[in-house]
C-alpha cells in the first residue's frame, strides 16, 4: 500500500475543476485522474467537460474489433485485454486501483495525502522553467483558441499546458528540460493526455510541430507499463516514409529514452540488412522502419510483430503518396488488433481518411490549424522572385552572401544532376554538399552529419530531403527550381521556421511554373505574405506571361518525364532522363529532356540518345559550341546557358 501511494501526487491546481474535485497523477504510469474527497470517488473522466470545439469524427472501422466506448475510450473493464485497447487503459504495475474509471474508494484520503506529500519532498525532482512559460495561466479553451487546436472523438481530456502537468517520471523530465524545451508544443499538449488514456489518435499538424515527441513520450510510458521480452519482438513499431526521417526518429528515441534504457532499431533500404538483423536479434523495445525494408525482413521471417501494442504511422500522407499503402496494410495484418494506433499526417485527403477509418478504432482527432486547406507556416517569410533561368545562379549567390556566416541553408533543385552541379559550383566559396537518391546511404549520412555540425552549412537537395529532414537552426530555404506542386512547396519551406523559430524562404519562379501560380497565391495570402505582380499576372493569364523566356523551354516543349519507382528514400526528384527506375531513389519525376520547360540542352541524334545521362559532366563538353559574343561565363551553370543559345 505504501509503495503504491508514494507514486501518487497532486496535479497542478486547475481553477476550472469543480470543487471539491482534485486532480491526481500516478507518477509511475503518467495517468491523470480525478478524486472527490467527499464521496471518495476516483475517475479518469474530467468532472466538468472543458473539451475544445469538435469536428466531424472519423468513420468507425468495420475491419478492426471495435470494443472502445465512444464517449471516453474506456469500458467498464475487459480483464482479458492485456493492453487495454478500447477498455479501461493498460493494467498498471502499481495495482488495480488505477484501472477503472468511476470506481469508488480505490484510495483513502490518508493514503493520497501521505503519498502525494512525498512527491514534493524528494531530492531528485526534475525542475524545469517556471510554469508560466508554458502558458498555463490560460484556460484550456483559451489555449486551444490561441494555438488553433480543434478535437473530435467523444470525451477528450484538456491539453497539458506545462511539463509539470504531465506527470512524467523525473528522469524523462530531465531529458526534456536538458534539450531546451520549456513547454509542450500544441500537438504534444493535446495528444499526450489522449495517448496516455490508451486511445487511438489521428493528429493533423504541419511539419516542425514537435510530432515526434508527440508519440515517443507516450510510447515510453507505454513501455513502462508493458514488460515484454524484447528478444521476442518489439513493443513499439513506427512506420516512416523515408530513411532520413526513420533515422532521425531513432536518434530522438535513443536521446530521450537513454535514462529509461530504451532500445531502438532502425530498418531502412539502401543499407545492408546484416547489421539491422543483428540489432533485432539482440532485442529492441522500438523498431522504426520504412515499409519496404520491413516487408522484406518480414518475408525473411527474421522479425516478429506479435508483441507490438503501440503502432505509429508517421507522415501517413506521404507514405500513401509514395505508394506504400499495400505494404502498410500487409504490415498491420502482422500486428495484433489489440493495440493502440497513432497516425500523424500533415494533410487530410480522402486517401488518408480511408486508411485511418480502416486501421484505427474510435480515434480522437487532433487538428492544429486549418485541416481543409494547405497552409504554410506563418513564421516563415516567403519571397517569390520571377527570374529567367540564366539569372538564377547569380541571384542565388547574392542570397548566400547576404546571410550571416555559418547560417544553415537548404537549396532545393528539381534534378539530381542540377543538385550535383550547384554543389560543385558553391562548395569552394560557401561550403556546399549535395544529397539525393543516387547517393549511397554512407554518403548521405556523411553529408547530413556535416550539415548538422555546420562544417558544410549549405545543403543542396532534391525532394528526397524535403520530408522528414529535421535539422535545427535552418535559417534559409531556397527553391532554385519550383517543385511539382504547392504541397511539396509547403513541405520544402517547412524545413525552416521550426519549433517556434522564424525563417526565410526564397523561391525562383519562371514561366514554366505558371500553372502553379494560382495555388501559390493562395498559400502566400493564407500566410499573409506578399504576392509579386508578375505571379498574379500569370495566374490571370492561366499560365502565360513571360514570353521572353519561352526559348528556354515551355511546359509543352518536351515530354519524356515519367514517374519512377517507389523506394524507401521518398521522392527522389525528377530524374535526368525523365524515366525513374525502381529503387531507393523514389519518384523519378520529370526529366531534363524538357518535360518541365527546363533550360537543359536538347540532345540531338548525333550525341546522346536522350534516354540516359551524358558520360561527362565537365565543362570540356561545352567547348565545342558556337562562339559567344558575350563576356566569358563566370560559372559552369552560365556555360551551360550559353551553350544552349
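These residue numbers are counts, starting from 1, taken along the chain as shown.
Glycine residues also receive a Cβ, built from the backbone N, Cα and C atoms like all the rest.
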From 161-189, 190-218, the residue range that Swiss-Prot assigns the feature motif 'Q motif':
161-189
From the ranges 302-305, 306-309, 310-313, 314-317, pick the one that Swiss-Prot records as motif 'DEAD box'.
314-317
Would you mind checking how many other C-beta atoms are within 10 angstroms of the C-beta on residue 206 (ATP binding site)?
22
Among the binding-site residues 208, 210, whose Cβ has the fewest other Cβ atoms within 10 Å?
210
Take every residue in the domain 'Helicase C-terminal' (395-539), average their pLDDT values, and give the whole-number result.
90
Cβ neighbour count (within 10 Å, all chains shown) around residue 211 (ATP binding site):
25
Far apart in sequence but close in space: which same-chain residues, 6 or more away, have a Cβ under 8 Å from residue 209 (ATP binding site)?
185, 186, 187, 368
Looking only at Cβ atoms, how many others are within 10 Å of the one on residue 212 (ATP binding site)?
23
